[in-house]
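Remarks on the structure that follows.
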Amino acid sequence: MPIMKIPVNVHKRLPPSWVQCFQKFKGCHAGQKLDGLAKLKQYFRYFGYINISSINFTDNFDDDLELALKTYQLNFNLNTTGELDEPTLKHIVRPRCGVADIINGSSSMNSGKSSSKSSFHLHTVSHYSFFPYAPRWPANKRELTYAFSPENQLSDSVKVVFSRAFDRWSVVIPLNFTETSSFYSADIRIAFFSGDHGDGEPFDGALGTLAHAFSPPNGRFHLDNDENWMIDTEITPSQSAFDLESVAVHEIGHLLGLGHSSIEEAIMYPSISPGMRKVALAGDDIQGIQVLYGSNPNYNGSTASSTQERETSGSGDLVLGPLWGLTLLSAIGLISLVL
Ligand SMILES: [Zn+2]
Ligand SMILES: [Zn+2]
């Protein structure tokens, strides 16, 4: 169904099977064996935490799984227990971007920052990351075009959401983005798909992975058509649909060369909850993207935003504003419902 028909009445969909399956692992730790742990290992391999090509994972909680879990906990500012404790499981089932946190074994996010957990004082360590070898659009290409898949027949009100999302980035770097009607020759090609769509990264239905985008200069930007997307959450807040602009700003970060960040307030943080609107670049995002492209000459902002000044190195230290608290609570509520 084309997105412009969604969501007048947001309907509840069943979560993907892995969400239902993972909650039974609560308290599971190394040395145990539980039906379905192989699926969890596939999840961790998908997002880069297990770097093994095996297609036949066992249901044993082995060393590989424990290491993956600890790295995941480090990346998401959770206590690195190496066990499937409740906060970790709640995090694993949070909807997120389909791009891996660790690509080809290269560490990124917190797990690649050796000092990030060692001190407890306020600091300004950057947590942005790049894809391996830091690909970016070439220096002679400062005017990028984007186009929407003709098959999606998106309305102008949806297209303008993407335009606003591109503007968030062009304000801080010397790149311009222009819509073109020529889908196959555009630098950036935006499409909504359901399930398997031919690039080896199938979508998984409602919740789970929401979208993914490829590193420069690939330009493919795909969104899961089975999500409940909202385009006007600033006017009509929703607790059960995903804010399209928030996800678009994140995926454009990938299209430009940014990987994921461990800073929860950063646009490049991998997870987002239904109803959450997060469209403003954080200092971490701005610092990262300006390393790749330099600053827009007209940009006067400081890259040391309040976000980074508040960020501390311990786990769970981020200061959440009232809105974040609400959305986090509602996300937890939703997860409890679906579990
Ligand atoms: Zn992402
Ligand atoms: Zn895709």
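Just so you know, glycine gets a Cβ as well, placed from its N, Cα and C.
Looking at 95-125, 126-156, the range tied to motif 'Cysteine switch' in TrEMBL is 95-125. Of the listed candidates (H212, H250), TrEMBL assigns H212 to the same Zn(2+) 1 site as H197, D199, H222. Within M268, M276, the residue that TrEMBL lists together with C97, H250, H254, H260 for binding Zn(2+) 2 is M268. Each residue contributes its Cα atom, and for D224 (Ca(2+) 3 binding site) and D187 (Ca(2+) 2 binding site) these two points are 20 Å apart. Distance between Cα atoms for M268 (Zn(2+) 2 binding site) and H197 (Zn(2+) 1 binding site): 24 Å, as a whole number.
Straight-line distance linking the Cα atoms of D199 (Zn(2+) 1 binding site) and D187 (Ca(2+) 2 binding site), rounded to a whole number, equals 17 Å. Considering other CB atoms within 10 Å as the measure, the emptiest surroundings among the binding-site residues C97, M268 are those of C97.
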